[in-house]
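All remarks here apply to the structure that follows.
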Amino acid sequence: MPLGLRRKKKFNTKETSRLVEGEHTDAAVRSLPSPPAPARRLVFHTQLAHGSATGRVENFSSIQELYAKIAGVFEIPPSEILYCTLNTPKVDMGKLLGAQIGLEDFIFAHIKGIKKEVNVYKSEDSLGLTITDNGAGYAFIKRIKDDSIIDSVKTICVGDHIEAINGENIVGWRHFDVAKKLKELKKEELFTLTLIEPKKAFDMEPRSKAGKSSTGKIGTGRETLRLRSKGPATVEEVPSEAKEKAIGKVDDLLELYMGIRDTDLATTMFEAGKDKGNPDEFAVALDETLGDFAFPDEFVFDVWGVIGDAKQE
């Protein structure tokens with residue numbers, strides 16, 4: 001009988017051990033992390049704006065990387081690309097590609113065309129030009145004001161890249177530096193602009209002055225790919241209507257005070273101020289993120305007013 005008891009105890013011990021081992025195994029299986037979801041593959045269709053076959057680009061995180069990908073598809077140097085428009089091959093300043101691309105957007109790359117030199121007499125302080133840049137070192141004309149000095153020079157067009165001012169090469173300059181240079185030109189003197197037109201299909205497109213542009217919906221869907229100068233690109237929701245309206249107003253202030261338009265810069269300024277409690281905090285945030293611009297105080301207060309209005313909507 002004692003032997004039988006010992007055998008029974010031994011049997012129970014094995015069974016218990018087996019059960020405990022099984023419980024540990026199940027727990028270990030349950031605790032294993034689930035495999036990561038496969039990365040979302042984002043592919044965009046692209047053409048050269050003056051005409052080409054359709055190519056495909058993917059795996060880019062910045063404007064520079066995108067230009068390099070497009071250049072690789074069409075076997076041209078990246079430096080040939082002036083800028084890109086979304087969903088239209090026309091030189092439409094309201095459709096410029098910036099830091100955000102709708103996931104269904106079609107990318108048209110505008111490349112260098114005819115180079116020209118134009119002499120302009122600065123009879124007034126304001127030339128009537130609004131400057132922007134492509135994020136990769138090329139500044140170009142985004143708007144020409146009606147009845148302005150530049151408007152009277154019919155060979156200067158919206159979309160023209162400004163390569164040099166009075167022989168000084170400005171490739172690599174940001175738009176605000178170019179606008180400042182033009183503003184500082186002496187009144188009652190002649191100056192020379194070296195310009196490069198975007199290549200056109202048959203050199204038949206009419207001159208455009210580019211009316212008031214709107215930030216509008218960037219993509220055709222509800223998500224966009226946001227490009228960054230540092231770090232990976234991210235997929236984000238399309239901004240709300242109230243946010244888009246506020247960003248458009250900030251862009252208007254950039255044009256009024258600095259002679260530039262830049263939706264990406266306006267967006268950065270809005271993001272810097274949306275969680276700040278007063279204009280002093282906002283000014284500090286701008287200095288930390290955009291200190292190179294040296295914005296005038298009155299401009300900062302006006303932008304703060306726009307952000308404050310957006311918070312109340």
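Here the Cβ of each residue, glycine as well, is placed from N, Cα and C on the backbone.
Looking up the ranges 14-34, 203-223 in Swiss-Prot, the one annotated as region 'Disordered' turns out to be 14-34. Within the model, the domain 'PDZ' (117-197) shows a mean pLDDT value of 93, rounded to a whole number. When the domain 'PDZ' (117-197) is classified with DSSP, helix, strand and coil residues number 13 helix, 33 strand, 35 coil.
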